[in-house]
Every structure is written in C-alpha cells, then in structure tokens.
Amino acid sequence: MGEAPAFFVDHLENGYTNGFGVKSEPKNRDTSVLIGDRSFVIGGNHEGNPLFLGVQIHDKVTNKWSSPSVLGTGPKPCKGYSAIVLPKGRILVIKKGSASDDSIWFLEVDTPFIREQKKLLGREVVAWSKGVRGNAEKPIVISGPSGVGKGTLISMLMKEFPSMFGFSVSHTTRAPRCMEKNGVHYHFTDKTVMEKEIKDGKFLEFASVHGNLYGTSIESVEVVTDSGKRCILDIDVQGARSVKASSLDAIFIFVCPPSMKELEDRLRARGTETEEQIQKRLRNADAEIKAGKSSGIFEHKLYNDNLEECYKTLKNLLGINDLAPVNGVEVEGINLPKEHTVTKMDDKILIQETGEGTKNKMIVLDLSSINGGAPGRTRGIVLDTVKSS
C-alpha cells in the first residue's frame, strides 16, 4: 500500500551522450522512463514516419543509444505524454489532451511476448498495445470438416444476432477474383509484406495454399471486438491449433457429422463436385475429425445430426439461448486534460488536472483487472472521473 510517484517528469532537458562524445538532444515533447540501467525514450517519430510515435533506448552502462524493432501499431505523435513504469515489463503511456479511446497505451519492454520476439529476431524489441476500457466476450473458433454444416450454423447465429457477432476478414496474397472487394472478402496484400508481419507475430494463424498465403491477423479480430461484437473464426484444425498456442483467449468448438456415411450423403447432395473431389474431401474430413477429437484443442464438440437441435446446443454453449438480439452499448469517452500530473497507487493511476482554470478534476485508472496485451489490445481498464478536494 502507499503512494508512489509517476516516472514521467523527465523531459531530458540536458540530453544524453550518444556514445560518440556528442550529445543527443531529444525534443521537449519526449518523455523517458528508467528501468534498471536502461532509459526508454518515447517521442518523435518512428523511423522517420511522422504518423507513428518513436522509441529509443539509452543504456547507462555502455552509454549507447539503440533503436529497437517496434512491433504493433502505436499511438500517433501528439503534444505530450506521461509515462509510468508498471510491473511485468510494461510502461503505461498516456497521451495528453486526448479522448479516452485513444489516450491509453502500453509499451511492452520485457513481457513473455517480447522475450519470444527477441529470440526470433535476435535484436532489441518493444511492442505497442492499445488500452481499451472494459472487457470483451471471448472470440469463438469453430472448426469442422467440409459439409458438416458449420457455415450454416454460423449464418444462423449472424442472422438471429446481427449486432452481437461479427467475422474477422482474413488476409491473402493471391490476386482478387471477380467481384471481390479488398477489406470485405479479404485483405489482399503482398507476399513480402505478409511474411514480415507473420515474422513480427501479427498473425494468429496462417497457411500456404497453392503457393498463396492465407491467414487471420490479430488486428482483424480486435477490430471486430472494438466494434462491440463477438468475433467468429471459421478455420480448420491446423489454424485452430495455432490460435490455441497464441495469446488469444477464445472458445474452441468442433462440429462433427453424425457419421462418415451421413457426411458423404451431404457432399453428394450438393451436386457440385466430381467423384474424385468427393473422395478427397472425405479423406481430409476423416483426418480432420480424428485430429479434432484427439488434439485437446477443442473444449466443446457438437454433433450435427439435427440442425435445429445442434443450433440450440451451440447457443446454450455461448450463453445466449434466451437472449433477445441487442445493440452494442458505447462507452462514454472522457477527455484527458492537456496539463496534468500522474501518481501511481498500487493498481490505480491517479491523473490530476493542473493549470489555470482547472475544475479539480481527477481521473482514476484501475488496472487491477487488465488482460491481453501485445500484439493485440490490453483490455479490462476501468476509468472514472472524480472531484478532487
């Protein structure tokens, strides 16, 4: 218990020696925090790009500067920042004079994700994670062999609860087909770009199909969640295995046919495939069913021998069987004052408005229940405004 001061007040007015006998003079909007023997300097722009906030590291022992690989999409530069060191290798960064939906960010410098990325990249790494108020419902991963009816079940959910569920838009490196729209059917991207983003840990799952990459990015899931909807991922067992190993906390459901004979009858009833294609799908389905039942990935297994009963069971699993369709509820924004001081008290951050004409407003951030993190969002923030004495 007790009060601890924030570590944001160092604006580097005297600069640092850059290791070559020349002082580096950060701009007066830069903010630094000290963790051990290293100062993390936040400000300016990233690699000359004025749209993204820069990060530099100064090692007090070697007196050298370094520019780390910065993962994730960070905050845009603004008129000033406050920063405070948090436990578990994170720095809370608050943008001054910004609305609450764009003011709270976390810079991860020594989390499990960062340590993993350092091993993969072989260099210094930091990562941004946007802070989001409140929690969100877990995304839903639904897998099953072709012809089992999982697409129909998902369509029924989307039709009955259009404001509750949403699809993530996958990425692919193949060329768009006729009538396909970028950002609607797929995010069409360059192979080199997608390979780099996969290496940077931005994808939950990916696969190479006929020489083209397909995958689900973390951002595409977060965008659905940010809109107030619960994200549904319709992916195969291989993709579900990758999602299970990621930082995403999801519900995993596998849809099984009542029998292989029933599945074969359904595939033949489509009348859209040759005998060779049907036999290939059956072989793939048999392998996928065995993997789905024995992999330990899926907490729930549904047997679709009756569509209406299976749909009712699915809704029960998701806790929505007796719910009426509802619209998403928007969280009211709170503007953070341009001039303020920051104090840390246990898991709470107290932001006190300062300057002339202030209204003695104090904003309290409760971080006791935060979850998630880079390369996705950090959720669970509780934010409130109180009158200070």
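Using N, Cα and C of the backbone, Cβ positions are placed for all residues, glycine too.
These features come from Swiss-Prot:
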- 137-319: domain 'Guanylate kinase-like' (DOMAIN)
- GLY144, PRO145, SER146, GLY147, VAL148, GLY149, LYS150, GLY151, ASN304, ASP305: ATP binding site (BINDING)
- ARG177: active site (ACT_SITE)
- ARG270: active site (ACT_SITE)
- ARG281: active site (ACT_SITE)
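Features per Swiss-Prot, on structure.
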residue	record	Cβ contacts under 8 Å, 6 or more apart
GLY144	ATP binding site	LYS150, PHE254, VAL255, CYS256, GLU288, GLY292
SER146	ATP binding site	LEU267, ARG281, ASN284, ALA285
VAL148	ATP binding site	VAL255, CYS256, PRO257, LEU263, ARG266, ALA285, ASN304
ARG177	active site	none
ARG270	active site	GLY147
Recorded positions compared (LYS150, ARG281) - the one with the fewest other Cβ atoms within 10 Å: ARG281
For ARG281 (active site): DSSP state (helix, strand, coil): helix
CB contacts for ASN304 (ATP binding site) [other CB atoms within 10 A, all chains]: 23
Per-residue pLDDT averaged over the domain 'Guanylate kinase-like' (137-319), given as an integer: 90
Site diameter for ATP, Å, by largest Cα distance between GLY144, PRO145, SER146, GLY147, VAL148, GLY149, LYS150, GLY151, ASN304, ASP305: 15
In three-state DSSP terms, the structure that LYS150 (ATP binding site) belongs to: helix
Three-state secondary structure, ASN304 (ATP binding site) (per DSSP): coil
